[in-house]
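**Q** A single structure is presented below for examination.
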Amino acid sequence: GNVGNNWSFHVPKEVTGEVGKSTTLSCLFSHPQKTHSGPLTAIWRIDHPYNGTVVFKCMSNNSNDLCKPTINRMNKFQLIGNPHSNNLSISIGNLTWDDGNKYYCRVELSSDRHDKYETRTGTQLHLAAPPRIINITIGFDQFRGYHAICIAEGEPAPSLHWTDPLNTNQEIRLTRPLMKHQTAMELHYLTQDGKYTCGATNSHGRVEASVYLFKFKSGNGNDIGPGLLLAGLAFKLLMLLVLLCSAAWYRNGEYQYYCSFCRRAQESTYENYEPKGH
């Protein structure tokens, strides 16, 4: 829109870019001098016009001189327009969630305040992302039994659903939002061995990931997975005790034992060799 005395900026109201890719923010301007071959400064800022954080700034001495960046946040901005041709357009590479913001372009033709102009409306950068499953696991605890957890991200935040080994859609047990672009779904009390598949869908696509459950079964069909886990733990503790009791070090010409029953065994050996009277 018009900014003042024959000055104008032409910028899009909003732009959508995809996470991980690059996007372009265009900014064209006109000014009273029509052409300008002297020094100029091009600036892009975020959040607010006039006093927002500067993310890109470049300076050029004349129309034959490239605009040299003096500020380039995260080194991801690139000037693709020619400021001397009234074009301040930039590209932003490797978009992340943090880049979603409102951007304002500004040009300074000289130190005179009448030669400095900035767009007040700005361009809102929206981010889009196809769904991506970032974690899928199966666990066991006393509260949820065998359970599966699926975490996915995308923009819009994807909807999730589970399919069990019998290829039936499972009832949703627990769904919760995580960070702004992430969501998680848990499936509790899994009883069927086999493949559990998590599907994540949003307006940009669909993706699937699978995890497998195979429980240990005893002869009568009981689930002995947790029992085996505890038995294994108990065995490791027992072995640790045996190792501790076997440990010894040499002190004052004698072996000293850690375990009291080891010491008792030693003392009883001495008793066997006591002289029988005098």
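In case you wondered, yes, glycine gets a Cβ from its N, Cα and C as well.
Predicted automatically and left uncurated, TrEMBL annotations should be read as such.
Given the structure is predicted, the values throughout are model-derived calculations rather than measurements.
Feature table excerpt (TrEMBL):
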- 20-121: domain 'Ig-like' (DOMAIN)
- 131-214: domain 'Ig-like' (DOMAIN)
- 228-250: transmembrane segment (TRANSMEM)
**Q** Give the residue counts of the domain 'Ig-like' (131-214) per reduced DSSP state, in the order helix, strand, coil.
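**A** Taking the domain 'Ig-like' (131-214) as a whole: 0 helix, 56 strand, 28 coil.
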**Q** How does the domain 'Ig-like' (20-121) divide up by DSSP, counting helix, then strand, then coil residues?
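**A** Breakdown, helix to coil: 12 helix, 43 strand, 47 coil.
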